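Let me give you the structure first, and then I'll get to my questions.
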Amino acid sequence: MATAMYLEHYLDSIENLPCELQRNFQLMRELDQRTEDKKAEIDILAAEYISTVKTLSSAQRVEHLQKIQSAYSKCKEYSDDKVQLAMQTYEMVDKHIRRLDADLARFEADLKDRMDGSDFESTGARSLKKGRSQKEKRSSRGRGRRTSEEDTPKKKKHKSGSEFTDSILSVHPSDVLDMPVDPNEPTYCLCHQVSYGEMIGCDNPDCPIEWFHFACVDLTTKPKGKWFCPRCVQEKRKKK
C-alpha cells in the first residue's frame with residue numbers, strides 16, 4: 001500500500017516534466033535559429049564591407065565594423081543562453097533521477113529489514129511446529145494406523161508451506177531492485193557510483209574525483225568552510 005502511494009506521489013511530481021522539457025527544447029531550437037540568422041547577417045555585412053572598403057571613409061568603416069561586432073556579440077549572447085538553458089534542463093532531469101536513486105536505496109534497505117525480520121519469525125515458527133509435532137507423535141502412539149494416516153497429509157502440508165516460505169526469504173532485496181545502469185552516466189566518489197542523495201564537492205581544484213556521497217566520507221551535514229576529500233588530505237600530508 002505504501003509503495004503504491006509513493007509511486008502515485010512520484011508520478012505526480014514528474015507529471016509536468018515532459019511539458020517542461022518540450023518547452024526548453026523548443027527554446028533551444030529558437031535560439032539555434034536566431035544564431036543561424038545572425039551568422040547569415042554577419043556574412044552579408046562582411047561581404048559588403050570587403051566590396052566597399054576602398055570607397056568608405058574612416059567614419060563609415062568604423063560604423064560598418066561596429067555593426068559586424070554588434071552582430072557577433074548578439075550571436076554569442078544567443079549561444080550563452082542556449083548553454084545555460086541546456087544546463088538547467090540537465091539539472092531538472094538529474095534532480096528527479098537523484099531523488100529516485102535515493103528513494104530506491106531507502107526502499108531496498110527497508111525491504112531487507114522486513115525480510116530479515118520475517119526470516120527470524122519463520123525460524124521461530126518452524127521450531128514451534130517441530131516441538132508440537134513431536135508432542136503429537138508421542139500422544140498418538142497406540143491410536144492405530146487410521147490416526148497415523150490422517151496425520152500424514154497435514155505434515156506434508158506444513159512441510160510444503162515451510163519450503164515455500166524459505167524460497168521467498170532466500171531472495172535478496174537487491175535482486176528485486178536490480179536494474180541496468182546507464183553506461184554513459186558519469187560516476188563520482190570513492191565508490192565510483194552515479195550521483196544520488198546528498199553530495200559534497202572537494203575544494204581542491206585539482207581533485208580528480210570532485211564529488212562525494214555524504215555516507216562514503218562519513219558526513220551527515222555539510223561542514224562549514226572549505227572541505228577536502230580524504231584522498232586530497234592524504235596527498236597534502238605526503239607533500240609535507
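Positions of Cβ are set from backbone N, Cα and C atoms, glycine also.
I grabbed these lines from Swiss-Prot:
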{"type": "BINDING", "residues": "C189, C191, H213, C216", "note": "Zn(2+) 1 binding site"}
{"type": "BINDING", "residues": "C202, C207, C229, C232", "note": "Zn(2+) 2 binding site"}
{"type": "MOD_RES", "residues": "S118", "note": "phosphoserine"}
{"type": "MOD_RES", "residues": "R126", "note": "omega-N-methylarginine"}
{"type": "SITE", "residues": "Y188", "note": "site 'Histone H3K4me3 binding'"}
{"type": "SITE", "residues": "M199", "note": "site 'Histone H3K4me3 binding'"}
{"type": "SITE", "residues": "D203", "note": "site 'Histone H3K4me3 binding'"}
{"type": "SITE", "residues": "W211", "note": "site 'Histone H3K4me3 binding'"}
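Relative to the rest of the structure, where do these features sit?
Secondary structure at C189 (Zn(2+) 1 binding site), taken from DSSP and collapsed to helix, strand or coil, is coil. Long-range Cβ neighbours of C189 (Zn(2+) 1 binding site) (same chain, at least 6 residues apart, Cβ-Cβ under 8 Å): M199, I209, W211, F212, H213, C216, V217.
Secondary structure at C229 (Zn(2+) 2 binding site), taken from DSSP and collapsed to helix, strand or coil, is coil.
Counting only same-chain residues six or more apart in sequence, the Cβ atoms lying under 8 angstroms from the Cβ of Y188 (site 'Histone H3K4me3 binding') belong to V194, S195, M199, I209, E210, W211, F212, H213.
Packing around M199 (site 'Histone H3K4me3 binding') is summarised by its Cβ count: 18 other Cβ atoms lie within 10 angstroms of its Cβ, all protein chains included.
The DSSP secondary structure for D203 (site 'Histone H3K4me3 binding') is coil. The Cβ of D203 (site 'Histone H3K4me3 binding') has 12 other Cβ atoms within 10 Å, all protein chains considered.
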Give me the long-range Cβ neighbours of C191 (Zn(2+) 1 binding site): same chain, 6+ apart, Cβ under 8 Å, in sequence order.
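Result: H213, C216.
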Give me the Cα-Cα distance between D203 (site 'Histone H3K4me3 binding') and C229 (Zn(2+) 2 binding site), rounded to a whole Å.
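That comes out at 8 Å between the alpha carbons.
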Where does C216 (Zn(2+) 1 binding site) sit in the DSSP three-state scheme?
helix
